[in-house]
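A short worksheet on the structure shown next.
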Amino acid sequence: MSFLNRNLSRTIKAAVRGKHTLPKLPYDYGALAPIISKDILEVHHGKHHQTYVNNLNAVEEQMTEAHSKKDVNKVVELSKNYAFNWGGHLNHSIYWQNLSPTKSEPSADLKKAIEEQFSSFEQFKKDLSALSIGVQGSGWGWLGYNKKXKKLQILAVSNQEPLQAVTGLVPLFAIDVWEHAYYLQXKNXXAKYVEAXWDIANWKBISDRYAEATCN
């Protein structure tokens, strides 16, 4: 219910302003190859993410109707489906921006924070990689910012749980360890996929997210 209560107003507003749409990628489907192949990106973005968008729009219409009828039981019944598809849409929207075919480096402020909290940048990469690879079933590895404690944190979430809604952390960097993110190319070699993904991390985007999180 807490997730539902926090997001019901967003549902109503979304219905008023229009439907959710699939975000356009900031690069071509083949731009991240050979780390992420063109075929995988086409399916992952154009099929899987599109399905989350379609399902989210459908469930929002149903929830808006139930809310207008004051049918609380129906709203609660739909909330799990809503949370799953909203999380899938939100997580992937961040994930695409977190990737880039162009090499980049973290900002001085972000790199300093990482080194202070994880002893070194390389240790941070090892820790987040291990956490992501260790996800049981489907889920995500995340670098987030804890505004209350004013520090970075890494953690894993299951399925499509949206990081900020379930943990309070501001999402900075996502590692998608659902099988559909890599299986067509790397089969069951999730570890190789996670390790290779550091080469296409968009540190400009991640650093911008960190700067915004720390200044507000």
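Including glycine, each Cβ sits where the backbone N, Cα and C put it.
Swiss-Prot lists HIS44, HIS92, ASP176, HIS180 with the feature Mn(2+) binding site. Under 8 Å, Cβ to Cβ, and six or more positions away along its own chain, HIS44 (Mn(2+) binding site) finds HIS180, ALA181.
Here Swiss-Prot flags 1-18 as transit peptide.
Around HIS92 (Mn(2+) binding site), the same-chain residues six or more apart in sequence whose CB sits under 8 Å from its CB are HIS45, HIS48, HIS49, TYR52, ASP176, listed in sequence order.
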